[in-house]
Amino acid sequence: MRNDIVKIVDRIIQGGRLSEAEGRSILQAGGASLGWVMAGAQQLRETYCGDGVGLCMIVNAKSGHCSEDCRFCAQSSHYHTGAPVFPLKTAEQIVAEAQCADSRGARCFGIVTSGARVLPGAELESILAALREIRETTRIAPSASLGLLDEETARALADAGCVTYHHNLETARSYFPHICTTHDYDQDLETVRVAKAAGMKVCCGGLFGLGETPEQRLELGLTLRELDIDSVPINFLNPVAGTPLADATPLEPMEALKIIALYRYLMPDRHITVCGGRGVTLGDFQSWIFQAGASGMMVGDYLTTAGRQLSDDLRMVTDAGLTYERC
């Protein structure tokens, strides 16, 4: 495996691409072979991203009562989870949280709302006002995760200063009907294209541990590569009581690290950020995400679950011999 990995890494650095067959071999790696896979992923991260780790924080700006039936989600109105339910926060509240994120070293701050899409009118106008104020009063790059997107809304977000639009595909097309039935995969793909056409960067990735096969993890990665995504968030399922996936078994740490490595090989020059489920899935192996190829991580709290202390995450970065970036 060592010689194969050396050849693959050299070819990628010279402008080549990981093939589907090579992707399958990475997903089959274990033991010492996985060590070589991770070493190659680390070399690619160092080559394309250096030693800087991007820190991302989010605000749950509107929670619960979502009409979508995503089988993993605490905020779906189809399930009884006890997750917080509240309307859109005011622009002032969102800006205050962005300023706090700025002071704590975040390079990106995401405004995240529940629901299939942002409501036109007062709801959208409040978000646009928050984006404009964040651009004027902080050093961070604001992003938005507001669900499905049309061209008019995308242009308004871009004009207000939204740097990045976040919209996960969640899983491979072939597995998506097992996870969500209230909208079509093509709607997600169109949202990505609309955001890019409006001039925003796109942050788009997936959630792993939903019951998908290794082949479907590769399928999703190939889709993201073809979409020319700017940054890739990798999430791992943190099972939520009350959802259909409440009893799902979290991925083993080495399996999760293998996914991170695969995506670094597939998209060597893109930011790969490890987000939700990091603690539950990786446990004592959280610092290994950088050896597996990750160049960023979400810090602070997630949408409906608590994250680690920021000081612990920053220490993890510096203990790995890396630095954390500002915008």
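Cβ from N, Cα, C; glycine included.
Look at Swiss-Prot and you will find Cys66, Cys70, Cys73 tagged as [4Fe-4S] cluster binding site, backed by sequence analysis. Under the heading [2Fe-2S] cluster binding site, Swiss-Prot lists Ser143, Cys203, citing sequence analysis as support. According to Swiss-Prot, the domain 'Radical SAM core' annotation covers 48-278.
Features per Swiss-Prot, on structure.
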residue	record	DSSP class
Cys66	[4Fe-4S] cluster binding site	strand
Cys73	[4Fe-4S] cluster binding site	coil
Ser143	[2Fe-2S] cluster binding site	strand
Cys203	[2Fe-2S] cluster binding site	strand
Cys66, Cys70, Cys73 excluded, remaining Cβ within 8 Å of their centroid ([4Fe-4S] cluster): Glu68, Asp69, Phe72, Ala74, Gln75, Ser76, His78, Ser114, Cys180
Other C-beta atoms that fall within 10 angstroms of the C-beta of Ser143 ([2Fe-2S] cluster binding site): 25
Cβ-Cβ neighbours of Cys73 ([4Fe-4S] cluster binding site) (radius 10 Å): 25
Per-residue pLDDT averaged over the domain 'Radical SAM core' (48-278), given as an integer: 95
Rounded Cα-Cα span from Cys66 ([4Fe-4S] cluster binding site) to Ser143 ([2Fe-2S] cluster binding site), Å: 20
Local Cβ density at Cys66 ([4Fe-4S] cluster binding site) - other Cβ atoms counted within 10 Å: 23
Candidate with sparsest Cβ neighbourhood (10 Å radius) among Cys70, Cys203, the listed binding-site residues: Cys70
